[in-house]
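A.B. asks: Got a structure for you, questions after.
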């Protein structure tokens, strides 16, 4: 059987942090099960999160009206992206599983990780309008977010002051990962880590390692398949008419983002369908 390969992308500056401990636990657990593990420790690498003309070697197609999405896509096709971007793309291409380990900052990913997404996941490499979502280039890869928060789980609940965690996760899990084709697994959520005692932290790490023993067998989260949509500009990339009619019978929407003005399916971005 072919060896599985994992890429762990860490976005935390401190080696004494719980995020670093989670990364180390993941490396240990996966290697123990025979995985090859590659890391991208973004702060340790001093990864540049800023998109710019420097991401492209050679002359741009239009230097007077430089459009990064156009120029970076062309540079990818012509092999003119900067070496640091190419190195990350090669890691991503080789990986079967990608784990993103980070603290939740302002209801999103840290800036350095956002920059990694913007610079590495260029058009042509990670997506096109013809190959996106379940038709995306990474449709045979699995991914998951491993996140720590400052607030408690109740703060991110339906009645919590921060609002539903499912809604917070949607832009990342659907708008970035699923958009590129990934099968998105249930997120690993560690709430209120700053107020978690040492013995409980050990239990969290052990539970994380236990999960990773069988992570490849996990079912992904549900996202509305592209077959439900008319995927062309003339139709506006909308749900097919017959799908819209069929969905009128259902109490719940399809997902967090495709709620259709109805109640959102419970834990759509946290738990896989049984």
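Along the chain as shown, the residues are counted starting at 1.
Quick reminder: no glycine exception, Cβ is built from N, Cα and C everywhere.
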A.B. asks: Per Swiss-Prot, which one of 201, 211, 273 shares the FAD site with 12, 18, 19, 67, 104, 105, 106, 107, 148, 149, 150, 151, 156?
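C.D. replies: Given 12, 18, 19, 67, 104, 105, 106, 107, 148, 149, 150, 151, 156 bind FAD in Swiss-Prot, the matching entry from 201, 211, 273 is 201.
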A.B. asks: Determine the C-alpha span of the FAD site listed in the record, that is the greatest distance between any two of 12, 18, 19, 67, 104, 105, 106, 107, 148, 149, 150, 151, 156, 201, in Å to the nearest whole number.
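C.D. replies: Value for the max Cα separation, rounded to a whole number: 46 Å.
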A.B. asks: Sort out the sequence-distant neighbours of residue 150 (FAD binding site) for me: same chain, 6+ apart, CB within less than 8 Å of its CB, listed by position.
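C.D. replies: Looking at Cβ-Cβ distances below 8 Å from residue 150 (FAD binding site), excluding near sequence neighbours, one finds 103, 104, 192, 193, 194.
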A.B. asks: Beyond 126, 127, 128, what residues of that chain have CB atoms within 8 A of the centre of the substrate site's CB atoms?
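C.D. replies: Not counting the recorded site residues, we get 121, 122, 123, 124, 125, 131, 132, 136, 137, 179, 180.
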A.B. asks: Give me the Cα-Cα distance between residue 2 (N-acetylalanine) and residue 126 (substrate binding site), rounded to a whole Å.
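C.D. replies: Cα of residue 2 (N-acetylalanine) to Cα of residue 126 (substrate binding site) measures 24 Å after rounding.
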